[in-house]
Amino acid sequence: MASGSRTKHSHQSGQGQVQAQSSGTSNVNYKDSISKAIAQYTADARLHAVFEQSGESGKSFDYSQSIKTTTQSVVPEQQITAYLTKIQRGGHIQPFGCMIAVDEASFRVIAYSENACEMLSLTPQSVPSLERPEILTVGTDVRTLFTPSSSVLLERAFGAREITLLNPIWIHSKNSGKPFYAILHRVDVGIVIDLEPARTEDPALSIAGAVQSQKLAVRAISHLQSLPGGDVKLLCDTVVESVRELTGYDRVMVYKFHEDEHGEVVAESKIPDLEPYIGLHYPATDIPQASRFLFKQNRVRMIVDCHATPVRVVQDESLMQPLCLVGSTLRAPHGCHAQYMANMGSIASLTLAVIINGNDEEAVGGRSSMRLWGLVVGHHTSARCIPFPLRYACEFLMQAFGLQLNMELQLASQLSEKHVLRTQTLLCDMLLRDSPTGIVIQSPSIMDLVKCDGAALYCQGKYYPLGVTPTEAQIKDIVEWLLTYHGDSTGLSTDSLADAGYPGAALLGDAVCGMAVAYITSKDFLFWFRSHTAKEIKWGGAKHHPEDKDDGQRMHPRSSFKAFLEVVKSRSLPWENAEMDAIHSLLILRDSFKDAEASNSKAVVHAQLGEMELQGIDELSSVAREMVRLIETATAPIFAVDVEGRINGWNAKVAELTDLSVEEAMGKSLVHDLVHKESQETAEKLLFNALRGEEDKNVEIKLRTFGPEQLKKAVFVVVNACSSKDYTNNIVGVCFVGQDVTGQKVVMDKFIHIQGDYKAIVHSPNPLIPPIFASDENTCCSEWNTAMEKLTGWSRGEIIGKMLVGEIFGSCCRLKGPDAMTKFMIVLHNAIGVQDTDKFPFSFFDRNGKYVQALLTANKRVNMEGQIIGAFCFIQIASPELQQALRVQRQQEKKCYSQMKELAYLCQEIKSPLNGIRFTNSLLEATDLTENQKQYLETSAACERQMSKIIRDVDLENIEDGSLTLEKEEFFLGSVIDAVVSQVMLLLRERSVQLIRDIPEEIKTLTVHGDQVRIQQVLADFLLNMVRYAPSPDGWVEIQLQPNMKQISDEVTVVHIEFRIVCPGEGLPPELVQDMFHSSRWVTKEGLGLSMCRKILKLMNGDIQYIRESERCYFLIILDLPMTRRGSKSLG
């Protein structure tokens, strides 16, 4: 079965298609998945041919043996084409319904199933007059087969853009009056009409039944959404219970498709009499690629009775090929599948596709791709037919399940990535700083990076194994084989060393089947090993009895499991894409090892990156200024608070609404001073969440007003909370972007309580009246006001009476995909079921194709007796100014995120060159140096330590809140001065500025206690800024240092040091000084640095002043440092 694809992939992985480095892995993975699918199509086609041949020859179909042979034969292209044609254009349907295909333009029948005449009572005997019998033939006008009202419905459906959204259409046979569900879809030659007999003759009951099915699905969806996050198993267990409750099948399972295309039953709900299938693994060809493609096109598939004889389709001889039945609900199962079902005792089945978002690489035309994650399958031990409305409700449930599953998988992926990243960092640190054996003997070890049975480090000819691994002699043989056949690659991965071509694979046995290896250097390797798959696979089903001689030949879940174990014999579990990404990421060590043998040649690159970062910050500042201008002039109410909830931003619009000026609002408490009591709890929760980074959207709050009419009115605003963050991503407040909905709120209250002249209000052209539509208890549209007509382009007469879900929003007003329709259906049913929905994001295309983005509020609708009779829905459209403000905000957030990524990248990547500098310094220290050279080396080392500490403590929050840990060490003050001066020498030369040093000679040998690196950082930053703004050329900057000794006690002496950094002229720009001393939100990048240095100095009990005189300006830095006895003697 899938062994063909798997064997080929493993062989390629081992024989030369070596895995790429992490930078290109995702693209390789995508291409690899395509090649797997193509290979499986070949295996599927071969298996199908063997089955067909066995039927023609009268021989039995040996299932397990056929799976083995598919891996050993080449399939001609014609055979694959014939196989796909058989699957998609099989020419037969199931007999529980009938099918008619029609030319779309003329309504002329072009194909029909042989049972259509009987099912529609169209036989000649049933016709009163034989002059013109209404017998169904090719060329018949399909409208003549049904009642006039049914024909009108068909004509209307044929004119719809999205015909499937109108399904099912309730129609009646003209001769017998029998009702049918007509399920329509377009194909290449016309429209296919699947006709399924309905159980009642009252269309109203049909609609009520469909709505009831939807309500059951919504209840199940609500249950799914209420589950705690982070548990995919619980989600799958819940969905099988829900589907079994909805449909009544004896067994419901969740099948999951693995990356190598094989499947696994991960959840199951069944009646007690049935054998469990939970944990069953089966080969990929059990569900062929062609079938998987069909599941993506037609997401619900029902087989009513696998024993039933399929009905042939008769078609117009002028058609070029058999009619396509891909989208037909009646398509007959393939004989191979029907036999499989019969063998396992499953007479009827219902299969629901589980679709999630695919990889970015699979996206086409900018649209996100969809991936078939698995299937939810129901089995029944007797024939069973589920009516279309209930199947449609199950499809909605699957869409919600797919959404929920997608979120859970993304969360699990993020947690896994964080774990891998943490492990990678620790492993890299061990290899660079400690003995290489640390990654094996310490925790975490390389076994924690990916799932494996053993791992090893082969370094400088020594072997460090962990877990289940080859012997040292075997590993040396593997290394020799790698260098001989794969010496020019960066690594290798395979799930079968035997298939990869390693001659000694047989000697390793089942203990070591799969291997992944990363080349650290040409002599150093990291290995991961996996044992054979069967060790990992367990099936919860009963084992077959030894006397069941034909067990392997018959198609049955047990034989599938046996076949799967045969396929994966001598194989490990495949290495998943994410695991290979984690392994490849360690290849960064190759560069680190090389850097340790060289110098800081990469420093220039990082300097260029630094310039790019600063340029990006300038652009971000520009965006921020534009954002401030928009906020101040916006016609939408916008206000902001600090971390204590006090107003620090209040634009003109919110001032106008509340009659509270900017000056009066600043500093007031949002919750206690400005919000009505009834909204205080909502505002507190909103603020609390936003300060934790959870940004709530579309929340309604009621604001107080402060004008003369304060007792007679209130202001209602719907706001989005946006966490305000500083440069280091720390939350420093919350900004609220709102929309005034006061007028709409008043109208809404009147509607809900049915006050005043209802129709006059609804259809008023007053711009305060929002777009409104209403639903009856069956989700049919009962109201569509003037504003709604204007918004959508659809008149009231065209809309009233149609189904809101699918017919109006779906066909008339197109939605973006089935997920949007599922969410809308849930909102509508919740409102009818007494659960109101407020400010739900709702988007659709109007009649002219314009995309409308809005907020939807759905409330229950009651009559005078208080009984719920439907739902009222209000649509709010964001103002252009608000939309522009949100666009700018998103742009700012995107830019900020980009800068944070660059900063994180810089902090990570700059460590390797620093290690190179450190290593080079250590080599130089061991050589014979002059005194001057030793001083240069000491200065270089001091600068390196300063850079390392800045990178290591990049979290500025510790500096802001005073929790930064300062080190205490003894050092020469002269060394600090040398290191500080060295950092400005290039800038001095570039700007032709002279440096004057007024420093007493005894400072050079003065020893003090303190955090040398932080003192060095602070002085260097102040000096650098003074040099940057000194007059140029022919300017000067002077450093003055005046030490004074203070005797604190007999044993403690403190040196009181005053540093002066002086330059002539105007000095620093005013905004820089403002950033340094006063601003909580910096404007300039230099100002941020100065502000942080001032706070670091404050932590050391120091002080900084900036003094501007008539002809010069200077920094005055005051710092007290404890002295050693030796230091005090040198000063004395």
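Just so you know, glycine gets a Cβ as well, placed from its N, Cα and C.
Annotation comment: Swiss-Prot describes Cys336 as phytochromobilin binding site. If you look up Swiss-Prot, you'll see 1-11 marked as compositional bias 'Basic residues'. Per Swiss-Prot, the feature compositional bias 'Low complexity' maps to 12-26. The domain 'GAF' annotation in Swiss-Prot covers 231-409. What Swiss-Prot lists as domain 'PAS 1' is 623-694, and the listing cites sequence analysis. Taken from Swiss-Prot, the feature domain 'PAS 2' applies to 757-828. If you look up Swiss-Prot, you'll see 905-1125 marked as domain 'Histidine kinase'. The region 'Disordered' feature in Swiss-Prot is assigned to 1-27.
Counting Cβ pairs closer than 8 Å to the domain 'GAF' (231-409), the top stretch among 623-694, 757-828, 905-1125 is 757-828. The number of other Cβ atoms within 10 Å of the Cβ belonging to the residue listed as 'phytochromobilin binding site', over all protein chains shown, comes to 18.
The average pLDDT the prediction assigns to the domain 'GAF' (231-409) is 84. Counted with DSSP, the domain 'PAS 2' (757-828) comes out as 28 helix, 16 strand, 28 coil.
Across the domain 'PAS 1' (623-694), DSSP classifies residues as 42 helix, 12 strand, 18 coil.
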